[in-house]
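> Got a structure for you, written out below as structure tokens; questions coming shortly.
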């Protein structure tokens, strides 16, 4: 019997919340890169690695975690992810002295481990808990939480931690942020223990009912990955998704450095520009999710959003150095609307192209692609900015998005779900 559960919205909201907390911890150093550089007396590259550690950890651990998700289910993955997120937040509280940079690295690595148990979940939660008429919207809301965390990571640190010379004062302000994060992460872990269930009493859609009826002996995890890697349309999507999201990761990590270079002393506004990118992207993600549920035009929507991401990146590149902050806010908002709005589109298009394979596996492969390109683009753009300036660094991302747009045009809309 196909029936929707009332608990589905609580499960979705809880997942979005601890995903938010984890994403906040990803970007909390990068959004005030210059302040943490002076506090710990390390290079900009060392602070960039606090962000890139998330990407690096994800790559080798995707397959073990995706296997665990298929064998042990959603609840265990949710418990481990939210627990690691809380532990990492508490470890960072032990790094409130300039010589304790390795402790903050350890805390960030633990949070990076938590992210492996979070990033591939949105499409799986959407399909296990939600009906076919709301599955894309649910996936968008699940991704939405992660984006809201990045938005908070841009907004909150510059407000809580002013750029002061006094090390004791700086340590005090940093401790407030770390304490707040640890408290929220711990409360969310407790809520996951109480509220988060494996699956609803009844399957929410015919597609899910079919999967639940299939004998477990029929399913081979290795065979599933091999089938995905033989699916030409999925492989194309995997590369194009990696190019787009890798650009977003590089842009987020290096944003503070780019804005401060053209507008010295504007740490708070650099954070607000990051916030603008993510908030407009969340609106884009929600609109694209609702649009997909109504129209099922996956290929066309993905291509249009990709083209507009490229246009947004070109406009942002040539307006950053004009000397008007309000222009940067407008162009960053346009860029974010499409570039961040693309995230749930990729997940849902992959689920359509690869049904009945596990959504956790297809999402995980997309994320691995994004992390690999994210590390490459962050290092590459960082080096280009240091040697040739911000415009040259941003032109690298423009050329990458152009390549991704051309490749997206070759994906066939083979919708199986």
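Cβ coordinates are placed from backbone N, Cα and C, and glycine is handled just like the others.
Dumping what TrEMBL says about this protein:
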TRANSMEM  7-29  transmembrane segment
DOMAIN    11-416  domain 'Major facilitator superfamily (MFS) profile'
TRANSMEM  49-69  transmembrane segment
TRANSMEM  76-93  transmembrane segment
TRANSMEM  99-120  transmembrane segment
TRANSMEM  141-160  transmembrane segment
TRANSMEM  172-196  transmembrane segment
TRANSMEM  234-252  transmembrane segment
TRANSMEM  272-291  transmembrane segment
TRANSMEM  303-319  transmembrane segment
TRANSMEM  325-345  transmembrane segment
TRANSMEM  365-385  transmembrane segment
TRANSMEM  391-411  transmembrane segment
> Of the listed stretches (7-29, 99-120, 303-319, 365-385), which one yields the highest count of Cβ-Cβ distances below 8 Å with the transmembrane segment (141-160)?
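Out of the listed stretches, 7-29 contacts the transmembrane segment (141-160) most.
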> Using a Cβ cut-off under 8 Å, which residues of the same chain at least 6 positions beyond either end of the transmembrane segment (272-291) come close to it?
27, 31, 136-141, 143-144, 147-148, 150-151, 153-155, 251-252, 255-256, 259, 297, 301, 305, 328-329, 332-345, 348
> Look over the recorded stretches 99-120, 172-196, 234-252, 303-319, 325-345 and say which has the most C-beta pairs under 8 A to the transmembrane segment (7-29).
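By the under-8 Å Cβ criterion, the transmembrane segment (7-29) pairs most with 172-196.
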> Please tell me whether the transmembrane segment (365-385) and the transmembrane segment (303-319) touch - that is, whether there are at least 3 C-beta pairs under 8 Å between them, with each pair 6 or more apart in sequence.
no
> Check for me, if you would, whether the transmembrane segment (234-252) reaches the transmembrane segment (99-120) - at least 3 Cβ pairs under 8 Å, residues 6 or more apart in sequence.
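Output no: the transmembrane segment (234-252) is apart from the transmembrane segment (99-120).
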> Where among 99-120, 325-345, 391-411 do we find the most Cβ pairs under 8 Å to the transmembrane segment (303-319)?
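The listed stretch sharing the most Cβ pairs with the transmembrane segment (303-319) is 325-345.
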> Determine which residues of the chain contact the transmembrane segment (391-411) at the Cβ level, with the cut-off under 8 Å and only residues 6 or more beyond its ends counted.
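Distant Cβ neighbours of the transmembrane segment (391-411) are 233, 236-237, 239-240, 243-244, 246-247, 250-251, 254, 258, 299, 302-303, 306-307, 309-310, 313-314, 316-318, 320-321, 349, 373, 377, 380-382, 384-385.
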> Restricting to the domain 'Major facilitator superfamily (MFS) profile' (11-416), what is the model's mean pLDDT?
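Residues in the domain 'Major facilitator superfamily (MFS) profile' (11-416) carry a mean pLDDT of 87 in this prediction.
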